[in-house]
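Here's what Swiss-Prot has on this protein:
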- 63-97: repeat 'ANK 1' (REPEAT)
- 99-129: repeat 'ANK 2' (REPEAT)
- 130-159: repeat 'ANK 3' (REPEAT)
- 161-190: repeat 'ANK 4' (REPEAT)
- 230-259: repeat 'ANK 5' (REPEAT)
- 261-284: repeat 'ANK 6' (REPEAT)
- 322-355: repeat 'ANK 7' (REPEAT)
- 372-400: repeat 'ANK 8' (REPEAT)
- 425-455: repeat 'ANK 9' (REPEAT)
- 517-546: repeat 'ANK 10' (REPEAT)
- 548-575: repeat 'ANK 11' (REPEAT)
Amino acid sequence: MTYQTFFLISDPDNLDYPIYIVYDKSRVLDYFGDIFYTQSTTITEIELGDTNPDFKISILHNNNYLTSHVIKSTKYSLLDVNTVQMLLDYKDPDYELKSTCHLYIFYMTKNRFDICDYLIASNIKYIDSFGNISLLNSTNLNNYQLIKYIIDNNEFFNCRYYYLMLGILRYTKFYDLVDYILELISKSNNHIDYNSLLMELFSKFDCMGSLINSEIDAFQIKKLIDGNYFDEKVLFDTVICNNFELTKYLVEKGFNYDFDTIINSNVKFDVLKYFIELGNYLTDDHIYMILCNTSCEYYEKIIYLVDNNHITEKYFTKSIISRIIHFEFYLLDYLTNKLNIIELIDLDLLMKTSIRCNETVMVKKCIDYGINPDEYMEFAIKHDICIAKKLMELGGNIPDNMCIYNPDAYLTIESIDIILENNYDSLENLLPKIINNCDSEIIMYIIKKLTDTTIIIPHGLIKIFIRSYYWGRGNDIYSGIINSNLNFDDYQQIIIGIMRKEYNKIEQLIFSSTYYNSIELLFVVTLSENIELFKLLLEINCNDNNYLSWAFVFSIGCFKLMKYIVDNYNIDIYQRQFEVCIMSLQNYYRCYNQSDQIKFYLLLMGYEISCFNNKKNYNENIPLVKFMREMGVTLV
């Protein structure tokens, strides 16, 4: 391997302990995805620094490697055609490239179509394992010259005109390119299913399942409509369900339509209103169909139809009213004010639904309609003290065998206030349940309640604080903690002090406490990435091998901590390899900027790449998994 030629695409971020990814000269063309990702426009020829005593090398993929030392030689510009020819010359004639999509995309996005021509002339095929998805994504399609180049060279790229049209119509306003494709199709044997194209244009998701963040350009669709590219029925059925502007355009052009079809299609409110205002007559069947279909802007439709006297009491049934209670509860208040439908209402269903929704207005209406509030007090108490209290104010009486306060009911900010103001329970007793519910809004509220009190903070709340610290310092709970004035005990003061970055105070607290060997405290210190506190804990616990092994596992979140413990303590880095790999994956989501370097370092030290991302390792008996679950941290 000493005499092989390798290339370096970019320098590593951490130059204090650099780990280089180097590429076999004969395979660089296969790795233009990495070049495209880094946006590097140069490539450096290197020799491996295998004369260095600390030299290490490990295979990363088939033809690229990780190494700790390189000797840089010559830098080449990737925008120079001579460099491209050099890479072509290095390629083994018998080797078939696995992927060249990013090779071509790299040069097209740089507007170096001359180099693309050179690659085509050199018989470098366009290869994309995902078809043409990489080529026809929304970013590339914003480049007019790039799309034009693909169209002009489509015999080489072999893109279906269907997907070219779809991408251009979906993401651009390059109208002349649509006309250009239509002209090319007319001169060839190619055919586009324009009806399928139209339906796919209105899809909210692309072929990879990603949400499409673009609006349909009605102008270009109108041109295709005028050119009679669509079947009239497919066109009308598709448009009325998706685009009001195009719906009006079709009607104004004189398209024949069936009003029954429009009603059956459960169109949006603006479309329904438009056709009614055109003078189309709503039959009884139409109205029943609208009333029974409680989706697609139902609330707006029913209010409009009632306000304009298209719907009266005669159209409602008990079944329809019950559906409204279930699916459009807040519509019922409007309907009962406008129409005489009380006899159709299942008052028991309405009362229970009103209690579940904490809707005092509807509860009062039910009582006005004859409901006995006493019969629903037990139901209300089990649900929420707030609505139970309101029911009492409306004349309800608590059963002799019950108390208005139900300790098992779900807590809200309003219910907590009622409980505390009426001395139904104490904040100390409520805290464990609040902690278990782990509602961030309620916890923030409780932090304010606890401020400047003498109430001792339970350890469960500290675990929530640590969890908020773990997932990111920009969240509300973390911000609330560091700005609060709570009654913390000695251990909690250490934890909170770390979060507040009061490191000078913390050292003395650790020395004078019995918590110096706490694994939980060690975890928080590694989250802080403070090297001095980390050194202090290691120094105090230097003879505890179990503690040191935990320190190594937790340090995987921060390269400088990990490197320190490896360099200064006799750690067996392979003893807990599964746990280290689990921690590495967690940190991929927490601190992506460090995760690759840590992973590469471990690979250089002999870790198997198959160990990473292997969720079969998440055995509950593994100490790290058990610890994280006790902390309430969900493993990803």
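Just so it is clear, glycine is given a Cβ too, placed from its N, Cα and C backbone atoms.
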Outside the repeat 'ANK 9' (425-455), at least 6 residues beyond either end, the same-chain residues with a Cβ under 8 Å of its Cβ set are 405, 407, 410-413, 416, 419, 461, 463-464, 475-477, 480-481, 484-487, 632
What does DSSP give as the helix, strand and coil breakdown of the repeat 'ANK 2' (99-129)?
-> 18 helix, 0 strand, 13 coil
Surrounding residues of the repeat 'ANK 7' (322-355) on its own chain - C-beta under 8 Å, 6+ positions past either end = 292, 294, 298-299, 302-303, 306, 312-313, 316, 361-363, 365-366, 369-371, 376, 379-380, 383-384, 387, 391
When DSSP states are grouped into helix, strand and coil, how many residues of the repeat 'ANK 8' (372-400) land in each?
-> 20 helix, 0 strand, 9 coil
Which bits of the chain, at least 6 residues beyond where the repeat 'ANK 10' (517-546) starts or stops, bring a Cβ under 8 A of a Cβ in it?
-> 466, 469-470, 491, 494-495, 498-499, 501, 503, 506-507, 510, 554-555, 557-558, 560-561, 564-565, 568-569, 627, 631
Same-chain residues at least 6 beyond the ends of the repeat 'ANK 5' (230-259) with CB under 8 Å of its CB atoms are 194-195, 198-199, 202, 216, 218, 221-222, 224, 265, 267-268, 270-271, 274-275, 278, 280-281, 286
